[in-house]
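What Swiss-Prot annotates here:
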type	residues	note
ZN_FING	18-36	zinc finger
BINDING	Cys18, Cys21, Cys33, Cys36	Zn(2+) binding site
Amino acid sequence: MKGTPSFGKRNKKNHIRCRRCGRNAYNPTKKYCASCGFGRSKRLRRYSWQNKKPVTGKRLK
């Protein structure tokens, strides 16, 4: 089921506040932060697709 009654069962916290980045993205069961990667790696989790790239080489009419 996926309707309104099923949403009443969603009441437990999957993420808590992260020690490193402070965002509410640390998963205590998997023991890693979905935002900064704390618990998985020593380096900060960041990807090139997170930021929009400036438009270059586009022809203007």
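Don't overthink the numbers, they just go from 1 along the chain as shown.
Even glycines carry a Cβ here, placed using N, Cα and C.
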Legend entry - Cβ neighbour count within 10 Å of Cys21 (Zn(2+) binding site): 16
Inset, instruction - Report the member of Cys18, Cys33 (the binding-site residues) whose C-beta atom has the most other C-beta atoms within 10 angstroms. - result: Cys33
Legend entry - Other CB atoms within 10 A, centred on Cys36 (Zn(2+) binding site): 21
Legend entry - Non-site residues, in chain order, whose CB comes within 8 A of the mean position of the CB atoms of Cys18, Cys21, Cys33, Cys36 at Zn(2+): Arg19, Arg20, Gly22, Arg23, Ala25, Tyr26, Ala34, Ser35, Gly37, Phe38, Arg45
Inset, instruction - Please report the DSSP secondary structure of Cys33 (Zn(2+) binding site), reduced to three states. - result: strand
Legend entry - Where Cys18 (Zn(2+) binding site) falls in three-state DSSP terms: coil
